[in-house]
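Enquirer: I have a structure here, written as structure tokens, and I will follow up with some questions on it.
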Amino acid sequence: MVLLATICDAQLSSKFYDSTCPNALTTIRTVTRSAVSKERRMAASLIRLHFHDCFVQGCDASILLDDSSSIESEKTAPQNFNSVRGYDVIDQAKTEVEKVCPGVVSCADIVAVAARDASFAVGGPSWTVKVGRRDSTTASKSEATTDLPRFTDDVEILISRFDKKGLTARDMVTLSGAHTIGQAQCSTFRGRIYNNASDIDAGFASTLQRGCPSLVNDDNDKKLAALDLVTPNSFDNNYFKNLIQKKGLLHSDKVLFSGGSTDSIVSEYSNNPTTFKSDFAAAMIKMGDIQPLTGSAGIIRKICSSVN
């Protein structure tokens, strides 16, 4: 029963907008491709935005809502604040879609479709996105704070967080592979690169120290490093190869290959990029099925950042 409550896609369909807004998906793709062509990093940001949306109240675009008299925004939860990006791309896509079919396409669906288009734009897999989600009228900063993964999480905590959403340990490792095109702020990995630990490659740590000073201040904290230094702009399996070589940037990356239950999955993906990409597409579809609002539930927001 718990699983049925968590993952329910009975009313989602890849053909949902075929008659009501046949140009919806191509319109979203055009905006997404343009954004990614201007900044490759945006691809990872849009995938992460979908992930952080689905993990809180389901895939309902609650992450897009700003603070108001009745809403405490998820944007200010610790795992999202000054970290999650891509809101402007979703807003732009919504604006363009509203021009072709006003009041038809949900913000939640735009987030889901943009994540798929972003992956494909940087050489990652594509997949058929089921649509028909509706938008929430509420947000939950408290659920975002308790349920979203943290960069300090150990592997068993990560597994339990994903299990709570109906996703397996393999799904968790697969989805972590999106880090192959992501970047992280110095404040999230400084502790790892300056502690001379045996679980990080010394040369890797030294390279990162050049771009992430030990001095803690706002400017230094925001300095960025690629989560995959080898091929940071390509969606590939180098992220997993790096983990085996003790070149995982975040603690939550490193723990995926540290003598635990997920080591074998990391090894498999490091040797087989095709398996990784097909598993990634399947995991994204599964994640997109978490607790959607369908039918008469929820609304179609006119503006993604507010209930209107």
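Glycine is treated like the rest: Cβ placed from N, Cα and C.
Remember, TrEMBL labels are computer predictions, not curated facts.
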Enquirer: If you follow TrEMBL, the disulfide involving Cys107 connects it to which of the following: Cys212, Cys304?
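Expert: Matching partner in the record: Cys304.
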Enquirer: Can you look up which of Cys21, Cys54, Cys186 is joined to Cys101 by a disulfide in TrEMBL?
Expert: Cys21
Enquirer: Just how many other Cβ atoms lie inside 10 Å of the Cβ on Ser62 (Ca(2+) 1 binding site)?
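Expert: The answer is 28 other Cβ atoms.
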Enquirer: Quick one: which of these recorded positions, Cys21, Arg48, His52, Asp53, Glu74, Cys101, have their CA within 10 A of Cys107 (disulfide bond)?
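Expert: Within 10 Å of Cys107 (disulfide bond): none of them.
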Enquirer: Which binding-site residues (Asp60, Glu74, His179) fall within 10 Å of Arg48 (site 'Transition state stabilizer') by Cα distance?
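Expert: For Arg48 (site 'Transition state stabilizer'), the binding-site residues whose Cα atoms are within 10 Å come to His179.
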Enquirer: Which of these recorded positions is closest to Asp60 (Ca(2+) 1 binding site) if you go by CA atoms: Cys101, Asp236, Cys304?
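Expert: Of the recorded positions Cys101, Asp236, Cys304, Cys304 has its Cα closest to that of Asp60 (Ca(2+) 1 binding site).
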